[in-house]
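Trainee: One structure, as structure tokens, below. Some questions next.
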Amino acid sequence: MKQVSIVTLGCSKNDVDSGQMRGVLNEEKYRFTNSVTDAEVIVVNTCGFIDAAKEESIDTILDLARLKTEGKLETLLLAGCLAQRYPEELLEAIPEADGIIGPGHIRSINEAIEVAYKDEKPIYTESIETDYIEEFKRDEVSITEYVKISEGCNNRCTYCIIPYLKGNNISRPIEAIVEEIKYLVSRGTREIILIAQNTTDYGIDLYGRYALVELLKVLRDIEDLKWVRILYAYPDHFDDSLIEEMRDNPKILPYIDIPIQHASDKVLHAMNRKTDRKAVERLIERLRDEIPHMAIRSTFLLGFPGETDDDFQEVIDFIEETPIDRAGAFSYSKEEGTPAAELEDQVPEEIKRERVESFMNAQMLSSEKLMENHVGKTLEVLITEKADEGYIGRSYLDSPDIDGIVMVQADKNLEPGEFVQVKITEATAYDLGGVYIEHSK
């Protein structure tokens with residue numbers, strides 16, 4: 001029986017896809033292992049969104065390829081967005097690679113392994129629409145799980161390659177999503193993070209209407225589901241009904257991830273974003289007015305072609321005037337095949353780096369002020385691990401991996417997966433510290 005390892009790079013959506021690949025492995029032929037050194041077959045689920053992600057994917061592939069001579073590795077398959085985008089180029093440049101599996105061919109993993117063992121170097125990239133495997137049930141679950149509610153994207157932002165790799169938005173039926181969440185909760189999951197390329201577009205293809213609110217209403221009734229967190233909520237379809245459901249549904253955390261990308265209307269228009277600065281400011285104001293202690297996360301794309309010093313200053317002004325709790329910034333990456341790659345006035349790399357650094361400095365000051373507001377308050381914290389001194393956890397402010405943590409001091413033993421009440425005693429720009437009071441009811 002061959003041992004198979006799956007190495008996942010990129011975003012949380014890739015985590016879900018890797019879980020699906022693992023779930024459809026033929027158990028009579030293959031056994032999954034987390035150890036790449038023990039694996040005869042390795043699948044690298046790549047990311048190809050921006051240059052940095054592509055470089056990480058290539059570096060990882062090359063590192064793993066060495067296991068063909070230094071370890072047990074016999075077959076190396078490349079999956080995910082980078083593999084979908086450059087299948088022939090990757091196989092030519094990396095002779096150790098034995099085949100390609102695009103995101104639309106997850107079900108083909110067993111066949112791909114078999115064909116690769118025949119030295120035929122299979123390429124599965126014909127379909128760009130991810131085939132979500134509804135019958136798959138995860139064999140291992142954690143206290144926090146990502147659930148993909150749709151795949152693909154109807155937007156055509158001029159800088160983004162994703163729609164060309166994954167197609168238009170395809171939503172899963174509400175019933176299928178609810179069934180998956182109920183299964184996860186029955187196995188011990190307590191926090192569900194809803195993800196998609198654009199969660200606020202959910203349902204438009206399937207029901208002819210935006211149906212995220214309908215989904216959230218059904219989640220109210222799932223017993224033992226404690227936290228629901230929403231990521232990738234584009235601002236253009238964020239209506240009052242969604243705000244009201246977030247306000248009134250006790251399971252939905254007062255946390256939202258809204259990719260804003262820029263604050264200059266000129267740049268937003270060039271990006272083909274379907275919003276403007278005033279609309280985003282009104283949305284944030286409404287969220288904070290309606291939902292107490294609302295935490296807002298966002299991402300910004302800096303150095304877009306034609307972005308002037310004045311355009312960048314608008315972003316800094318926005319951050320200072322409309323504080324965001326959590327934010328990250330990326331340098332624009334010129335992606336072949338996108339409209340933005342053909343634009344003139346490409347911004348030099350050095351200026352891009354300077355703008356990202358300036359943005360993060362301004363954002364840190366903004367975050368620091370907002371985080372200090374939590375000192376003296378009591379927050380519910382999900383304990384995630386034991387530390388050398390105390391425990392590490394996350395509050396509603398913290399999405400895993402991308403946000404901060406809460407350091408918890410306690411005079412009793414706490415276990416990962418427990419929800420506890422913590423009195424916050426200190427704050428930095430990204431993290432909080434506090435003292436255990438009691439377990440949550």
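Positions of Cβ are set from backbone N, Cα and C atoms, glycine also.
Here the structure is a predicted model, which means the values were calculated and not measured.
Straight from TrEMBL, here's the annotation block:
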DOMAIN    2-118  domain 'MTTase N-terminal'
BINDING   Cys11, Cys47, Cys81  [4Fe-4S] cluster 1 binding site
DOMAIN    139-369  domain 'Radical SAM core'
BINDING   Cys153, Cys157, Cys160  [4Fe-4S] cluster 2 binding site
DOMAIN    372-438  domain 'TRAM'
Trainee: Of the residues in the domain 'MTTase N-terminal' (2-118), how many are helix, strand and coil by DSSP?
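Mentor: Taking the domain 'MTTase N-terminal' (2-118) as a whole: 58 helix, 24 strand, 35 coil.
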Trainee: Take the C-alpha atoms of Cys153 ([4Fe-4S] cluster 2 binding site) and Cys47 ([4Fe-4S] cluster 1 binding site) and report the distance between them in angstrom, rounded.
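Mentor: About 16 Å separate the Cα atoms of these two residues.
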Trainee: Let me know the model's mean pLDDT on the domain 'TRAM' (372-438).
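Mentor: Average per-residue pLDDT within the domain 'TRAM' (372-438): 96.
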Trainee: Where does Cys153 ([4Fe-4S] cluster 2 binding site) sit in the DSSP three-state scheme?
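Mentor: Looking at the DSSP assignment, Cys153 ([4Fe-4S] cluster 2 binding site) belongs to neither helix nor strand, so coil.
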Trainee: Long-range same-chain neighbours of Cys81 ([4Fe-4S] cluster 1 binding site), Cβ under 8 Å, sequence gap at least 6?
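Mentor: Once residues fewer than 6 apart are set aside, Cys81 ([4Fe-4S] cluster 1 binding site) is near Gly10, Asn14, Thr46, Cys47, Gly48, Phe49, Pro103, Ile161, Ile162, Leu165, Lys166.
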Trainee: Using Cα coordinates, what distance in whole Å links Cys11 ([4Fe-4S] cluster 1 binding site) and Cys160 ([4Fe-4S] cluster 2 binding site)?
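Mentor: Counting only the Cα atoms, the answer is 15 Å.
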Trainee: Taking the recorded [4Fe-4S] cluster 1 site as Cys11, Cys47, Cys81, identify the other residues of that chain whose CB atom sits within 8 Å of the mean position of the site's CB atoms, giving them in sequence order.
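Mentor: Output for this site, in sequence order: Leu9, Gly10, Lys13, Asn14, Thr46, Gly48, Phe49, Ala53, Gly80, Leu82.
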Trainee: Quick one: DSSP breakdown of the domain 'TRAM' (372-438) into helix, strand and coil?
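Mentor: DSSP composition of the domain 'TRAM' (372-438): 1 helix, 33 strand, 33 coil.
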